[in-house]
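Written below as structure tokens is the structure these notes are about.
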Amino acid sequence: MLSKTFSFNRGIMIQDLRSVGWVGIAYFLCLLFALPLQILMAYSRDGHYHHIFVRDSTSLFAISNAFQVFLLFLIPVLLSIFIFRYMQVKLSSDYMHSLPIKREAIYHLHVILGVLILLVPVLLTGIVLLILGSVMPLQELLSYQAIVEWVAWTSFFNIFVFIAGVFVALLTGMSVLQGALIYIMLLFPAGISILVLMNLQFSLYGLSADYYLNKNVERLIPFVRVNELTHTSLTMLEFIGYLLFIVFFYLCSLWMYRKRNVEAATQAIAFRPLQPIFKYGVTFCTMLVGGLYFGATTNDAPGWIVFGYVTASIIGYFLAVMILEKSWRVFTKWKGYAIYAVFIIIIGFFVQMDVIGFEKNIPNVDDVHEVYFADTVHFLDDDEGRYFDGYEREIRPSYFYQDESNIKNIHSFHEQLIADKPSIRANNEESRLVAFGYELKNGERLVRQYRIPAEQYESLYKPIVESQEYKRNQNPVLAVDDLSQLDRIALNVPQGGKRLVLTDPDEMNEFHQLLQSEIEEESYEESHEYRAPWAEVEYLWTNNKRIRSQWKKSYVQIEEWLDQKGLLDQARMTADDIAYAIVIKNDDHSSVYEYIHENNLDHTLESRDDALRINDAEQLEQMLRTTTWSSQGTYIVAFYYHQHMYPDFQTFPDDEVPDFIKEQF
């Protein structure tokens, strides 16, 4: 009996090798092309400069990285489909399970063979790399440790993806659906997190999906995590997590293999109790996608979001039923959708009612250690600005405030936004984001983000923006006191190619003092003016550290100082740099750049009947002092510089349009 069992086992192994062994051979050839061959090609190409290749590729995962990731998530998936293909065909399944072998033994045979087919090519490639390392002077790239690490992680993820594929193979009775479900399952943790958070943002006032999605959510996607192996190995926690999933998938697959009926072949979901999960899971996910799409394309219009939920969920529900029933005649099965709709309405009601008090939750001022205040949450966990050494630490902008008056002002601002929820939600005017982050004394953190009509809250912005702490945080130049190691200060004019470089220590010190004075005395209105700056200011130290600031048109002291030094013409565009200017009226009030493109203004502007040509030097100077690169404006101006044939399109803030232009139009 044992000899017969062994004979059957050997027969199954041989049959599997004949049917899927080519996958291992193809994988080995692909790995040879991706690594050893690429290294040889690069080494022969770079010759004596092979150290450049080593410098750019310090990990074997960095070589043909995209191709390696592609193989890692293609070969194991294909193998799991092919090796368990017999489970999806009734005759093959009947035959296999009629053999005098326990189901567990058949399952183990297929899994072990699949793992071997994946591991042997990796091990053989590792041996080839070791041989290359012994004859090529690439000690870091082809070190024993680097090769072993590559073999270990590649084998580990091959096993993970393959066992995940086996798990899905036993859930479904259709090979095509198996392939799709494997990738959906690998994307599901990150995908459902993104969908739920983005949709909750429509209902929970103040929720910042971006904040939670910044928490390395992409690392939940195995494709992304494997791609990061070029510079970051798995942490112990990540390794244990993936290992537990391998064990879970393996044991669940074994249990399903024992319990699965032969009749499940060709069924979309092999186990009837799991069919409702599939049906309502597809309905829920498509509903979230529909709501997110219509919310994003209609500026969060509630009516369209609900329309997206209803339409997409109906489509998703009947699509799932069609897959399960393998028929399009399913529209009489609407009762299941009605039950789902009632359940979702109840959940939506509780979310809208904010039963957990999320929207009104705001900490007491006395419990706050520091507060984050910005127009985005992206800098909340960005420690780069605080922990770089040398000047980098001092000169990077910071968005955290500890001054007691600022904490109170920001807290009051936040309270007002909570009180104004109905009017803010109903507002369709141009808006901007504002983010609050409270670091509490007990170590907890509370984060909120709102989209608000900023102009209505200028009185609340004003005391914060005009505070010295805010100015020092947002203007790194104010934190610079020692200029002894400063190499130069450069003023770069955005248009025209002008550039003034100050290298004299006395001149740099004078300019620095003036710039600091201008910023410290700047009002809220001046800090938010729409006029384009005269020049971008760059401080460069001898150790290549640098900071950037702006010479705004409101900084009159700097302009007077440059004029006294005879440097004004080098530092900004003047009327002498302009041949002429042409002004037209944007009657459509559309985006300036759309208007330029739609009317082909860069070629037809001068021939238009409604074009106003300006040649007077005083008028050109007045226009230079008021124009901006804003995308909105009633008047569009094109400056034609002596050095450039292509016009420089700008516009005027509505309250800064020169009178002589208004009179002409």
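Including glycine, each Cβ sits where the backbone N, Cα and C put it.
Record features, source TrEMBL:
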| type | residues | note |
| --- | --- | --- |
| TRANSMEM | 20-40 | transmembrane segment |
| TRANSMEM | 60-84 | transmembrane segment |
| TRANSMEM | 105-132 | transmembrane segment |
| TRANSMEM | 152-173 | transmembrane segment |
| TRANSMEM | 180-202 | transmembrane segment |
| TRANSMEM | 239-257 | transmembrane segment |
| TRANSMEM | 277-296 | transmembrane segment |
| TRANSMEM | 302-324 | transmembrane segment |
| TRANSMEM | 336-353 | transmembrane segment |
| DOMAIN | 438-547 | domain 'DUF6449' |
By a Cβ-Cβ criterion of under 8 Å, what residues six or more beyond either terminus of the transmembrane segment (180-202) are in contact with it?
-> 73, 77, 80, 161, 164-165, 168, 171-172, 208-209, 212-213, 217-218, 220-223, 285, 288-289, 291-292, 295, 300, 302, 305, 351
What else in the chain is close to the transmembrane segment (239-257), if you only count residues 6 or more beyond its ends and a Cβ gap under 8 Å?
-> 103-104, 106-107, 111, 156-157, 159-160, 163-164, 166-167, 169-171, 270-271
Do at least three C-beta pairs under 8 angstroms join the transmembrane segment (105-132) to the transmembrane segment (20-40), pairs 6 or more apart in sequence?
-> yes
Sequence-distant residues near the transmembrane segment (60-84) by C-beta distance (under 8 Å, 6 or more away from its ends) are 16, 19-20, 23, 26-27, 30-31, 33-35, 38-39, 110, 113-114, 117-118, 129, 141, 146-147, 149-150, 153-154, 157-159, 161-162, 164-166, 168-170, 175, 178-179, 182-183, 186, 222-223, 226-227, 229-230
Please average pLDDT over the domain 'DUF6449' (438-547) for the predicted structure.
-> 90
